[in-house]
Amino acid sequence: MREAPWRLMEHNVQLVFLFTVVYWSANSIISQHILSGYVYVLTASKAPVGLVKGIQGLVQLLCALPAGYAADHTRRDRILILAGVVGVAASVLTALAFELGDVLIIYLAFGIWGAFTAFQSSAMEALFADSVPMGQRSAPFTLKYVMRNVALVLGPVTAILLLWKYGDAWTLAALRPVLIFGTSLTALSMVLLFQFDDDLAFENRQAPVRPVSACCGMLDAGHVPYLLFLSDFIVNNGMGLVTAFFPLFFLQEYNLSPVRVQTLFALQSLGVALLSFLAQMASSSTGRMPIVVITRVLGTLSLLLMAVSHDVTDQSVLFLAHGAFMQCTDPLRRSVLMDFVPKSHRARWASLAGLTAASWAGSAVLGGIIVDSYGYRLCFLVAALVYICGLALETILIPLTRHATESVEYLKLYTRPSFP
């Protein structure tokens, strides 16, 4: 039997790309800055804004390991079907919560979204890695990430159009139709989760491929996934302290309207997409982890400058730089992770990556307390210090991953057909 060539647009890869665009367009409407404004107006307090994310993160944390274990021990497409059912239920409950303006139902709905994310993300990330051969993962992972960030632009643009129709103001009457539209689009995206097929994944049609190896003193390839997880966990906790409060920062400190805030977030997503492409191109000659460290350093400096700057234009530019630099190398990190873990453990490691997102949401609760007690700028400083701790671990990964190159020769060395 001849080796079946891998194609960028094979079945599961196509579905991942399509789901990424549709789901994240909807998610950017219902789970980010419009949600922060809605909850703040509804409750007249910043603490519930962090609590919504905290509940979502806690449930995701509790479900992450069981979800990853299940996706490694049964068909990943079955886990995605289960996630689709949970997603439809969460969409209906979320729409009801926004319509009634009941913060308790909002807490419940976003708790269910936490369970959905745990099952969907671990199974889909593992199946996507199964569908792409070793030695070629950074480019498809980057393309998926760019699509996600383009989708994160489509969401704010849609929200801007709806806000022009219903009113450019931080009121429940103006924000509610935008959020309900987002939940409808989210429910529609769940249809795609019923279409995946494990049997069509590239690696399920090939002989097993061993993960890359590396050696560096006391540390070796076996430590790479743990260091990646720990550093990402720390950095995401830092991001969680501040990210949910940027809309309120611009509202309260500079009195920006919802449309102007949406425009900033749309531009940030475009910046992330552009820098992701540039980072992936640069990584082919410098390696993936050096690019990760460089961009994280620039993102940390941007946040430190936000803590001392007061001009609205400077703050806007620094906000865009912080978000773009901190997030643009996520696909490079994920491609490294999938190269260093065996296929049978991928969903579990993907679920651990989901724990970093859960920690991001959980640290939003602490961020709300810091903002309420000491202000936004001290919260920015605390987050930057947390970033620096994560950067120290990412620096250790540079020599450990120097052999994880991506080339045609590498692919030929480690990939072979199932039969001669």
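Quick reminder: no glycine exception, Cβ is built from N, Cα and C everywhere.
TrEMBL entries are annotated by machine, without manual review.
Confidence across the domain 'Major facilitator superfamily (MFS) profile' (224-420), taken as the mean pLDDT and rounded to a whole number, stands at 84. Look at TrEMBL and you will find 224-420 tagged as domain 'Major facilitator superfamily (MFS) profile'.
Outside the transmembrane segment (12-35) by six or more residues, the chain places 52, 94, 110, 113, 124, 127-128, 130-132, 140, 143-144, 147-148, 150-152, 154-156, 158-159, 175, 178-179, 181-183, 185-186, 188-189, 192-193, 195-197, 200-201, 246-247, 258, 261-262, 265, 269 with a CB less than 8 A from a CB of the stretch. Annotation source TrEMBL lists transmembrane segment at 12-35 (among others).
Residues 30, 38, 67, 70-71, 105-106, 108-110, 112-113, 115-116, 119-120, 122-124, 127, 176, 179-180, 183-184, 186-187, 189-191, 193-194, 196, 347 of the same chain, all 6+ positions outside the transmembrane segment (79-98), place their C-beta atoms under 8 angstroms from a C-beta of that stretch. Residues or ranges marked as transmembrane segment in TrEMBL: 79-98 (among others).
Within the chain carrying the transmembrane segment (104-124), a Cβ under 8 angstroms from the stretch's Cβ atoms is held by residues 16, 19, 31, 39, 51-53, 55-61, 63-64, 66-68, 70-71, 76-77, 79-80, 82-83, 86-87, 89-90, 93-94, 96-98, 193, 196, 347-348, 350-351, 353-354, 357-358, 361, all 6 or more beyond its ends. Residues or ranges marked as transmembrane segment by TrEMBL: 104-124 (among others).
Residues or ranges marked as transmembrane segment by TrEMBL: 145-166 (among others).
Counting same-chain residues at least six beyond the ends of the transmembrane segment (178-196), those with a Cβ under 8 angstroms from any Cβ of the stretch are 12, 15, 18-19, 22-23, 25-30, 34-35, 38, 76-77, 80-81, 83-84, 87-88, 90-92, 94-95, 98-99, 120, 124, 127, 155, 158-159, 162-163, 166. What TrEMBL lists as transmembrane segment is 178-196 (among others).
Feature annotation from TrEMBL assigns transmembrane segment to 227-249 (among others).
Look at TrEMBL and you will find 261-279 (among others) tagged as transmembrane segment.
If you look up TrEMBL, you'll see 349-371 (among others) marked as transmembrane segment.
Per TrEMBL, transmembrane segment is recorded for 378-400 (among others). Long-range contacts of the transmembrane segment (378-400) within the same chain: residues 214, 216, 219-221, 223-224, 227-228, 230-235, 237-239, 241-242, 245, 287, 289-290, 292-293, 296-297, 299-300, 303-304, 306-307, 326, 336, 367, 370-371, each at least 6 residues beyond the stretch ends and with a Cβ under 8 Å from a Cβ of the stretch.
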